[in-house]
Amino acid sequence: MYNPYQQQQQGMGYNPQQQTGYGYNNYQMPQQPQFNQQPMYPQATGFVPQQPNLYGSNFQTSGGSGMAPQQTGFSQQQTMQPQQTGYIQTQPTGFGGTAPIVTENSELKIPSIRLSFISAEDQKKFEHLFRTAVPKGEQSISGDSASGILLRSGLSAVTLAEIWNLSDIDKTGSLLFPEFALSLHLCSMAKRGEPLPGILPEKWLNEVRSFVDQINFTVPDDPSKILANTPFANFAPKKESDWLAPQSTGYLQNQSAPPMTSFQPQVTGFGGQGLVSQATGGVPMPSTTFGNAAGLTAQRTGGGTLIPLQPQQTAGLIPAQKTGPLNPQTTGFNQQSLQQQRTGGLPQQLTGYQGPPQGQGQQLQQQRTGGFPQVQSQPTGGFVPQTSFQQPQLVSQRTGPMQAQPTGSLQAQPTGRPGEWGFVSMPTGGIPGLNAMQQHFLPNNQLPTSNLHSAMDNKLKENVTWAITKQEKQIYDGLFQAWDNQKKGYVDSNVALNVFTKSGLSRSDLESIWTLVDTDDTGKLNKNQFAVAMHLIYRRLNGYDIPLRLPPELIPPADRTLKDTMDSLKNSLKGGVNNKPTKPPKPQSKPDGTRFKNDDNNFGYVSNVRHRRKSTSDESHKSSVKSSSDYDLSIEDMKKLIHEKRILLDALDTEDQANNYSRSSSSMHEKQIIENLKKEIMAVQTKLDERGNDGPSSDERNKLLATLDHLTRDVVPRLISDIHKVNQEISRKKAEVFKLELLKKNPSWNPEDDESQIQGTGPNGEVTDYDRIKYQSRQKLKQRMAALTGKSTGGNSDLDLELKQATEKAQDEASRQSEMIQDIAAGIKTMEDECAAKLSSSVTEDVGHEKWEQGKGISSEVAKFVKELEAFSKEQRRNIAKSQKQEQTREPLAKQQTNASLVSDSGAAKSAYATPEERAAYIKQQAEKRMNERLAKLGITRKSKSTEQKPPVESKSVSNHSPVPDSEVKSVTRNANEVEVQKPKPDSQPVSKNREPAEQPNSKADTNSVGSQNVVSNTNDDTSGDDDDEEYKAILKQKQEMEARERERKLRKQKAKEERLAKIKKEMEEMKKREMEESQDEEEEEAKQVTSVHVSRAQSSNANSNVIPQQETATENVNTVSQPTSTDTAKQSYHPHESNPFSKMNNNTSQNSTVTNTGTNPFFKSTSQETKIDPHKAEAQRASQRGVASSGGWSDSEEEESEEESPNRAGAAKLASLLFGGMPQPPTTSSSSLNNDAEKVSEQEHENAKQVASTPLSNDDNGKTDSGPSGFAGENESSFSQAPPIPVDAPPAPNSIPPPPPPPPQFSNEAPPVPDSIPPPPPPPSVPSTVPALPDSMPPPPPPPPPPAAPNNTSSSQQASGAPNIGALLGQITGGASLRKVETKVSSGATVGRVL
């Protein structure tokens, strides 16, 4: 609060030698009583700087003019003293050269509202700056003042323009305080390098708007606005700056007594007339800055101690005012500046108080000075002090009863013609992405396109107009000049292509833009065309469509003018000169009397009343045409009128019909065009549906994108975090486990780094680094104490080191795991980005989808057609899907029928499959049918069936790769066991050798046919996808050829079979006769048995040589039976082997290795047709037959004789059972089929012949681990092994064994599993000795699972003597004395022959 009695001293360049007013000890001011009666001259009372101090000499008239010091303060009435008149000299007060003082506009009323986005300190600074920049009487800062302040930030003009657009919310061109604070805050953001927002945040905008509204509510209404246009407008208060208004100069003639003042009456040349007392102090004057001078110092008035006045500068550069000798000064505590005065040079005037002059609307207030706190202020004219270094300017005045104009809340209006360049209003909210676009399209800039799209945000901007704004035009012109290096005034197509492709738009969009811009088809663009192209690119980047033709706003002015000129020329050329509008010809010269021509019809003004009757009568006579409105019409006239009207009506009807026809025809034509368009659209939609649209719809993509976001942003990070936690926990647990192991081994060990003993002081009891350091210091102290006292600390450095290494190892492993997890997370992130890029859609696609897929934003008719098209498309897709499904179903069925027909042609009427070939064909047909059904259910169509359409006989080459069902395996093996007993004599070996070359060509021919068939089938496979009919014909042709070969082969086999059967029957009859003859005598029996051995060997040899083709039949049995029950894996492995010719070659050349490696696996048997005889094994076979053996077989050394060196003994047992089939057999647990077949061999010769045909199967099964021998003598072995198909088609197991075999699995690979009750057979040479003792061996039961044994010394000696003891030999057989211990390392009878 201001204290008027407190001295206010300012050391701003005052001159201490100057005193004004009273001296230090005087009560009166010095007066100069000269020039008492001189007239007053003009006195310069402005603030002239640096005037000399005039107190050092007398007042001179020529030393300038100035105001005499006046007494201030309250005192007694004093006599009037003469006042110096004339040129009052100015008084310098030492203000020259001082710095300007910044003053605040304290009249501003700014509400105390806090802006949240600005700190309190910054808001206070901004308010101070705003108050100093806003002049008095204003509430906002102008654009010029604001630009001067904002330019001090050092930012570019473009950035400041964006800041201004953001800050000037109401677009008034000036800023209120909240807007000004916002602009300064944005400047500080830009200075810090932060990006400016394109649109103000909602919170900031709401706060600024509410602040502005609060300021607008607090501004009082102007009284002059209220009094305007009313009768009381003259009573409106004058403005303080109205210096042209008449001034009251205090002249009062009839004043009875002067008022009580502290001033002495002054003589001013009018003796006896006193000046009105002036109060010149008591108010703190506002600081002003005229030039380099400082503000005036406040003066103290009133009674009390007399204080000298402060030095005041009263000179300046402001012109004086004509206001009389002394202008009334403002008194009281009102903050107003001293007014410049001009005194002198006027007619003699009375000073003092008088009434105001007429016509002045203000009265001078009477003042009481000295000691009174309430002083009335007086408005006087003058200049408002300026706060700058410019010349003072006049303040705008209201001159007359004009209504005050509002100067706030103006909206920026576009000026000029619509679309005219350079006159387009700037859009609000800034131009989005324009700065980024300017930087992106510069020549040397290689920024990625994604930055530009992210700046544009690819969203529709409402403030992106068609017209080009000034700022945009400047940016586009700058880009044009940057690319036009040679200053040609245009850019060619190559440069424009480089510029436009930087936008990242599609080729079709850029082509459309080029077509719109290059109107002259010159292949180059000038500056205006380049600007239009860039603006179209800019709009396209903001999500707008490219127009089909340029709008008027984008046509350059030069092009528009040229186009208008060309149009006018075309019109003139079309219509000729007569088409131009004719103007009245101008007179060549002024009309004169010589050229005057009188017009008699041109009367002057004639009154209508005077000639009314005459004119009406003339008109009635002239108008002879009757109308329907006449009242005196005759019948003829009425008929005539009716006829005329009828003609007119007919003409109107005809015209209406013509118009209707034309309209209907045009409408029909338009409808036809619309229908054609609809049909074309339907056809295109049909093509699209047929081609198929694999991409998901917009809604599906949005759903997938939402699911992707959920998985990648919620689920995956949580899983990664959990995995990290588990990984760290595993690392800790590993360290703990290792520590526990060490503690278990060393109970006295006390680990040093055991954190379990550390008491954590961190949050939630966690162990911090400080806790570890503290614990380590304690441990060190403990160790030192232990070293001093000699006690053990329980520590062990080695164990500690091991624990530390284990912990570090666990941590390293955990870190590696973490890196792997990070790599996985990075891979997931990459996949997420790829998926998001594929699933995300642009704004244009969404708008197009809503418009043309959902029917939004288009007319009702088009929307209706869109819905119809959608329904039509759905129906099309449904039909196409149904037809495709039917084709997929029909194709496998057709192939199944084809295959079935191929198979049924060869054996359709042979369902009973009396022969093995027929059975194989039937089984194969059934297998193919079931296979096709399964594949059809899985939706798989088999393109080529050539490998499966081969005749059943051709499958022998791949029989090793086919699984065999148990039932078929058992039946085939049973037959093999039944026939194997009838071993032929050794003398039949030449027969088999002779027959072997005859059979090999057949087998080779079959192999060749298979190879050729594979070639043909592969060729058909290649072309099957193109033409099914050709494939079908080729398959039929192959089928016919194979059937012909099959018939020929069957005829040959049947003929050979009949011959072999006849021979076998003869041999059987001879053998039967021998048995009957030798059964009477024991010696004769022995001789008979020896003979029968030879006979059976010969028979077996003959059977093997004759039954070679029948072995193929058994192979077909195995293959065809195995297919229906094989697994999918077996099927997949089956086809490559069957169609691969190299598998046959490998099988032909590697029989030995295959047999030895595969063991008991029947699926890997070779197809060799010539097998070399191993002489060592043959010799071992002969030795075994003769009874020469190294030991009884029960020694521990397994290396003395191997399983492969000893012959197969299973055939000997079967031979013995066949030879003695007529005798009573001991009860066994084997199936009855074996015994019955053995007992009825002699009676059922035809069945035995069939069983003989399958003999190689059993032989191969029994001897599949041997590369050379197969259970016969050496001669038989050679003849047998050289038979081509013997080792190929052997079934794996005999049929006589039930599926669950006996428990002991101790049979070797050489012998097939036999029933538990039948003892293992001895070697073949010991067979004769077993015949008479067979009944003796019935009572003793056999040992539980006796392994096969080698022949012992006893049997060999008996064989050598010639008359062996048969009973003793049979006892040895039943007792298992001659059996040797074997290692059961392959499989037992339960697994042989099963499907793996």
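Any Cβ shown, glycine's included, is placed from N, Cα and C.
Keep in mind the model is a prediction, meaning the values are calculated, not measured.
Between the listed ranges 197-216, 637-656, 1377-1396, Swiss-Prot ties the annotation region 'Disordered' to 1377-1396. Range 1-20 is the one annotated as region 'Disordered', of 1-20, 661-680, 681-700 (source: Swiss-Prot).
Of the given residue ranges 249-269, 774-794, 795-815, Swiss-Prot assigns the label region 'Disordered' to 249-269. Per DSSP, the secondary structure of the domain 'EH 1' (122-211) breaks down as 57 helix, 2 strand, 31 coil. A Cβ distance under 8 Å defines the sequence-distant neighbours of the domain 'EF-hand 2' (505-540), meaning residues of its chain 6+ beyond its ends; these are 433-434, 437, 441, 464, 468, 472-473, 476-477, 479-480, 489-493, 496, 546-547, 549-550, 554, 556-559. Counting residues per DSSP class in helix, strand and coil order gives 17 helix, 0 strand, 0 coil for the compositional bias 'Basic and acidic residues' (877-893).
Summarised as a single figure, the pLDDT of the coiled coil (1037-1093) averages 79.
DSSP labels the residues of the domain 'EF-hand 2' (505-540) in these numbers: 25 helix, 3 strand, 8 coil.
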